Protein chains: 2
Amino acid sequence: MNTKYKAFCDDPDCTHAHHSWLAADNALHEGGHEIRQRRVYVYSPSGAVQDKVAIRRGARYLTKAGYDMVLDEAVFARQTRFAGDHATRLAAIKRAADSGADVALISRGGYGLNHLLPLIDYAHVAQSIDAGVQWMGFSDFTALQLAVLAKTGRVTWAGASLGVDLGHADGPDEITLACFEDVAFRVGEGAGWRIGKDNAEYAGLDLQGATLWGGNLAVLSAMVGTPYFPQVDGGVLFLEDVAESPYRIERMLIQLEQAGVLGAQKALVLGHFTHANVTAHDRGFNLKTVVQALRDRLQIPVLTQLPFGHIRTKVCLPVGAKVDLQVGAREALLVWGHV
Amino acid sequence: MNTKYKAFCDDPDCTHAHHSWLAADNALHEGGHEIRQRRVYVYSPSGAVQDKVAIRRGARYLTKAGYDMVLDEAVFARQTRFAGDHATRLAAIKRAADSGADVALISRGGYGLNHLLPLIDYAHVAQSIDAGVQWMGFSDFTALQLAVLAKTGRVTWAGASLGVDLGHADGPDEITLACFEDVAFRVGEGAGWRIGKDNAEYAGLDLQGATLWGGNLAVLSAMVGTPYFPQVDGGVLFLEDVAESPYRIERMLIQLEQAGVLGAQKALVLGHFTHANVTAHDRGFNLKTVVQALRDRLQIPVLTQLPFGHIRTKVCLPVGAKVDLQVGAREALLVWGHV
């Protein structure tokens, strides 16, 4: 691996924040800057937007960066905790599919997709993907991503949301933005991250052509046994979560293990499990315990430190795409080429 | 239904707290008080005991009430949050099976059975049940109950724990104790409870010979898709939980629904969902919303108010037994006859 992870292009005149982690293969810059304006369609499939300011700030930021920003008419809808009732959110998903956008981006996650899954027109979503719409989000959005993969085999992107990430009060995280732009401009070919001693045993790992899939652990494990859970054999499964205590994380992983999901994969890649708070009763039982026990039980690599989850710096990952997973002494690399 | 729910025997000289909800069929009292002393074996299959005083208080209480109380040698064991490592708890389960007790009773729940499920000797547990050991517990114990049902078809009891219930600082709840005694003395034949207007639409319901099963919703839903989840068709499924917010309760119910579990049952009976706290973001989304939406979607009765869960007053329910479910204007009745 002669690749380098660099957050940004070195060209001081570049007005776009493209990152080029494959320094020798920066296709975007080889052709100069003749770049078509990209459209981003923002909609709310899950929870009601609580922070409208963040949505407007994110839209303003991306507009200034050159994007054609379109906010769905129901982006601020609310019914109790949801961004509108079932019909409202289903219609928003349909409009996102019909948007002709380069990226159909969630305003935020929360909770609300699970009960919509039987009602979604998956053929219509698949058509939109074939026509070039790239669906992106994370957290609750995992439910839609897995259902689309199960029902259509199409690729969606685990990545940023407008409210939490791109509309952040401090501005978007540089790497998060760069990865988002890679998707918007269809130049992303992979994601690399630094790994520590915790992953030393996996140095030299080189998996080829495995299906990348995953997302939020709570959402994903809550779909086991349903028709919306994809049957992936020999895949690379990535997982993250927020505000789940270590014993709950273990219980969810055990469900995946005992259901035969983990054993059927070539590798497990853990992102960040934020606010995985322990209590006095845990007495030393923590995330490390959970990961170590998992490594002891499973026959497959369990990598950690993937920059993904409920954290500011998150890469974009193509759910359902074939990837190579390469692990060096200090970094790991997921490579998908052009999706 | 000419049955009455009465908490206790009317005999003022009775030293046992038997309840007789079937007033016309109080077999225990018909034969007088020639009662063999019952043995209760207390062990810790899940979380480490945090309140040893409660365990000792419960054991003292039941000893005074005439029981032969045996505490497992590892009842107070601890490894991090668990009541000992895997081997320690597996050995405790084995000793409980070999105890010859009338009731093998958990000290407490917590978390810890899921990762033991592949390691348990189910044939040995089945032998103990055939020999007369009645296994009782709730919460995390649901995992063992469902696995035993899936692997052996044997009946276990959803009911009290020693620490939380029988060793309560205020003494055991009268109905909880009475139901426990019914199991210990093998005279329980059913459980009745008052229902309110919320269940008015189900008055007249009379289901015959359905398999009763269920327990803690979080534990049960975390077993969907695994070999330890029983395949019950045409059953009566009861559920309870603690400290799960309404949106999580809905997500778990949706998993059961979309996995085809709910639709395959004849009825769903909801116990108590304690500390199902809503937040400001829920904006009116609450347990009632969840139950109403479930009733709207499902074709089966969804009864509520079953006295079971993380509450002081809990009935004992035979998981895996055939039951009749009868609903009157003001009460519902689960009848299993002699298990």
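We number each residue from 1, going along the chain as drawn.
A Cβ is built for glycine as well, from the same backbone N, Cα and C atoms used for every other residue.
DSSP assigns A:Ser139 (active site, nucleophile) to a helical segment in the three-state reduction. On its own chain, A:Ser139 (active site, nucleophile) has A:Ser46, A:Gly109, A:Gly110, A:Ser161, A:Gly215, A:Asn216, A:Val219, A:Val242, A:His310 as residues at least 6 apart in sequence with a Cβ closer than 8 Å to its own Cβ. Marked as active site, nucleophile by TrEMBL: A:Ser139.
TrEMBL lists A:Glu240 (among others) with the feature active site, charge relay system. Cβ contacts within 10 Å of A:Glu240 (active site, charge relay system), excluding its own Cβ and spanning all protein chains shown: 27.
Around A:His310 (active site, charge relay system), a 10 Å sphere centred on its CB holds 19 further CB atoms from the protein chains shown. A coil conformation is recorded for A:His310 (active site, charge relay system) in the three-state DSSP classification, outside any helix or strand. Taken from TrEMBL, the feature active site, charge relay system applies to A:His310 (among others).
The domain 'LD-carboxypeptidase N-terminal' annotation in TrEMBL covers A:40-159.
Under the heading domain 'LD-carboxypeptidase C-terminal', TrEMBL lists A:211-325. For the domain 'LD-carboxypeptidase C-terminal' (A:211-325), the mean pLDDT of the prediction comes to 97.
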